[in-house]
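Only one structure is covered here, and it is reproduced in the block below.
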Amino acid sequence: MAATKPAIDMTAAMVTEAVPLADWLLVAPILLTMTGGALAIIFRKKPATQPWIAIAVISLVVFSNIALLNHVLTNGVVTMVMGSWPPPFGIAFTADPLGALLALMASIATLCVAVFAMDSIATNERRYGFYPFLLMLLCGVTGAFLTGDIFNLYVWFEVLLISSFGMQILGNEKVQIDGAVKYAVLNLIATTLFLAATGLLYGLVGTLNMADIAIKVQALDGSGPVLGLAALYFLAFAMKAAAFPVNFWLPASYHTPRLVVAAIFAGLLSKVGVYALLRVMVLLMPEGRDWLSSLIGLVAIATMLTGSLGALAQTDIRRLMGYLVIAGIGAMLAGIAVGNEAAISGAIFYAMHSVLIMTALYLLVAFMFQISSTFSLREIGGLYVRSPMGAAIGLVLLLGVAGLPPFSGFWAKLLLVAGALEAGRGWVVAGLLVSGLLSTLAVGRLWIFAFWRGGNEHTVDGIQALPIAGSAEPKEISLTIWLPLVALTGLIVLIGVFPEGMMSVSDYGAKTLLDPSTYIASVFGGTQ
Amino acid sequence: MNTLIFRTVAPYLSALMLLFSVFVLLRGHNEPGGGFIGGLIAVSAFAIYGIACGVSAVRRAMKYHPMSIAASGLLLAVLSVMPSIFLGQSAMTSQWLAVPFLGTVIDLSTPLFFDIGVYLVVVGAISSIALSLEERAD
Amino acid sequence: METLFSMLVGILFAGSIYLLLSRKLVRILLGIAILGNAVNLLIFTAGRLTRDVPPIIPVNNYLPLEATANPLPQALVLTAIVISFSFLAFFLVLGYRAYQELGTDDLLEMRVAEPKEHYEPPLGY
């Protein structure tokens, strides 16, 4: 057949300019995690080597993502089209500062979880595929952050969803199956709504490439269908991000899986929803965002208050953490609601901070369980005596999640408040500050009860409770538990003390989102 | 269900279906067909063989564990994305190599290897699900 | 033609939402199955319906000879079908396991993961 084929010049149909090697950094995280996942499956009978494969691969991904962020910061938005087909026909991968930054943070959080899991995931759970699922989850998350095609975004959503289902039921307990039913059904409905919106968008503008959509939606000038689609996208992604009226699945399910698994869920999954909101509402449909901005603001405030009030009301530490995740989502939504440069920059900063701190907090809960064997805020106590170092880490993380200086959350909230004041949205500022106060109360009480108090609820102040007779000696805390905790805490303190670098990245990210011309130019080579 | 006729016919039927699945896989680049549908045909061949002769017979016939087959398919697919890195082209750009073989010319290309990877992933993943369901039904 | 299909999509959505609001897990799963199909049909309709030939380019040609159907929605629907099919398979197994383990398919009784007693929050500081 090939012999009869007429010689045809393909240059008209394909991109022929040479692609610099650095652009391969865009697909490197995906290729690496897929290779790592395949190797981890092949080595599933050797639970001792599996973690090392995962750690080696994820470390490579971290390095590649650092290089990618550096590439984006020096050369602007980077695009690579699959198969050299010119956009908008080829599927494009496009990294702007927002995507590259979140991809880097996600890989760092996953690395910490992979190290932490060496000790806390049992051998038979490794056989059921913890590490392959972890790698595929990272693959889906980075794919979602780096893709420049909205249907491709849906595919990455499904990749991360199916791996998260697998991780959710790791351990096969009754509670996990109960949690998994709620988690899985609600998330699948959200993703299906996203797909429906994408189908309608394709019917409206006839393209799936994000840069092309941005151009064509601009031309439609905020007509009815665009606004309706924006509302549908908002519902779908708000459901994934666990925003107020559709947040109930998160506290019902995040306390059921293994804590390392919950750590990666809390760090990555809801942030993917926020990322998608930033991408679709701010970059693709700015008119839709303007139209919905009051609604998003109300949802944001309700989400923050639900989160912080829920955190105050819980006695189970794992469920308390679930509500703290929700409170953080509310703060990011507030940034989207306000929508000026400072506020979007604050939302990006907060998303970056939230990936690190929520992962770290769930790892801290796992650490607390290891030395106290309880999740109840009434039973726990006296951890300061058992581990002063753990108490110090706990203090940093808990104050950090409430947004107190000098930790990274403070700068994110500062940007959000500054942006909201600039836009004259006093009520958003009030919501942010009240929710910050309530979260501070909740986490302050958690720290005092768990670490500072001498023993359980009935211990008199100033007395060290006697160890309960027959209770086992607390287990030795190994290096694989300390290392990720200390690394994440160190990063949070470091970003908190030297925020300028991160702030310039998030400002740059906000600029590229609000003015899509650089994004579009990167995809279409400046011709449009 | 498990009659003598079925048990006698099933091995031949499965063999024929496997052959057909490879045919569908290979014609896939220019005509309807491809790795996904070919893989599904191969899985149904294994499923029929499993219903007739038991799951352990299928596992013996497959030689490697289905999950390993799926993983190697994933590896092959990832590798087939890579060659264009050496030519300064973007990922997944197809590379063609015409190999003369016994008087005809065979087109070897990276999409072909990608498709074979897809075929292996589908065969491995779905047959491992099907086999575990059949095992439970026994 | 599109109007007719849009109405069909609307009916499917209505049916699936009715099923999703049920308390029985099996009906919810059926609702999800119908929802997936409704969305597939929606994408297909959004790509405009034609009575043209399949978009297959004959050998020795680089362009289709006549007007063909829009191939992109077909590719999208194919992807979505594969995904929704595999998710449905996962859900059926999950629902079956949930019925085995928890002994119920009524969501109101499926409360193993919820706190047993209504503890008051720890008071005091």
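Along the chain as shown, the residues are counted starting at 1.
Any Cβ shown, glycine's included, is placed from N, Cα and C.
TrEMBL annotations:
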- A:149-437: domain 'NADH:quinone oxidoreductase/Mrp antiporter transmembrane' (DOMAIN)
- A:24-43: transmembrane segment (TRANSMEM)
- A:52-69: transmembrane segment (TRANSMEM)
- A:89-116: transmembrane segment (TRANSMEM)
- A:128-147: transmembrane segment (TRANSMEM)
- A:153-171: transmembrane segment (TRANSMEM)
- A:183-205: transmembrane segment (TRANSMEM)
- A:225-250: transmembrane segment (TRANSMEM)
- A:320-338: transmembrane segment (TRANSMEM)
- A:350-371: transmembrane segment (TRANSMEM)
- A:383-407: transmembrane segment (TRANSMEM)
- A:427-448: transmembrane segment (TRANSMEM)
- A:479-498: transmembrane segment (TRANSMEM)
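Beyond the ends of the transmembrane segment (A:383-407), by six or more residues, the same chain brings 324, 328, 331, 353, 357-358, 360-361, 364, 367-368, 371-372, 413, 436, 439-440, 442-444, 446-447, 450-452, 464, 474, 477, 482, 485-486, 488-489, 492-493, 495-497 to within a C-beta distance below 8 angstroms of the stretch. Of the Cβ pairs linking the transmembrane segment (A:320-338) with the transmembrane segment (A:24-43) and spaced 6 or more residues apart, fewer than 3 are under 8 Å, so the two regions do not touch. Of the candidate ranges A:52-69, A:225-250, A:350-371, A:479-498, A:52-69 contributes the most Cβ pairs within a distance under 8 Å of the transmembrane segment (A:128-147).
Listed stretches A:24-43, A:153-171, A:225-250, A:350-371, A:479-498 were compared with the transmembrane segment (A:89-116); the greatest number of C-beta pairs under 8 angstroms is found for A:350-371. Outside the transmembrane segment (A:24-43) by six or more residues, the chain places 49-50, 53-54, 56-58, 60-61, 64-65, 67-68, 71, 78-80, 93-95, 103, 107, 129, 131-132, 135-136, 138-139, 142-143, 146 with a CB less than 8 A from a CB of the stretch. Outside the transmembrane segment (A:350-371), and at least 6 residues removed from its termini, the chain residues within Cβ reach (under 8 Å) are 101-102, 105-106, 108-109, 112-113, 116, 120, 259-260, 262-264, 266-268, 271, 274-275, 278, 317-318, 321, 324-325, 328, 331-332, 335, 380, 383, 386-387, 390, 393-394, 397-398, 400-401, 408-409, 412-413, 416, 450, 474-475, 477, 481, 484-485, 488-489, 491-492, 495, 502, 506. A Cβ distance under 8 Å defines the sequence-distant neighbours of the transmembrane segment (A:153-171), meaning residues of its chain 6+ beyond its ends; these are 121, 125, 128-130, 133-134, 136-137, 139-141, 143-144, 147, 177, 179-180, 183-184, 187-188, 191, 194-195, 198, 240, 253, 256-258, 261, 264-265, 268-269, 272, 276, 279. Sequence-distant contacts of the transmembrane segment (A:479-498) (same chain, at least 6 residues past either end, Cβ-Cβ under 8 Å): 108-109, 111-113, 115-116, 118-120, 353, 356-357, 359-360, 363-364, 366-367, 370, 389, 393, 396-397, 400, 405-411.
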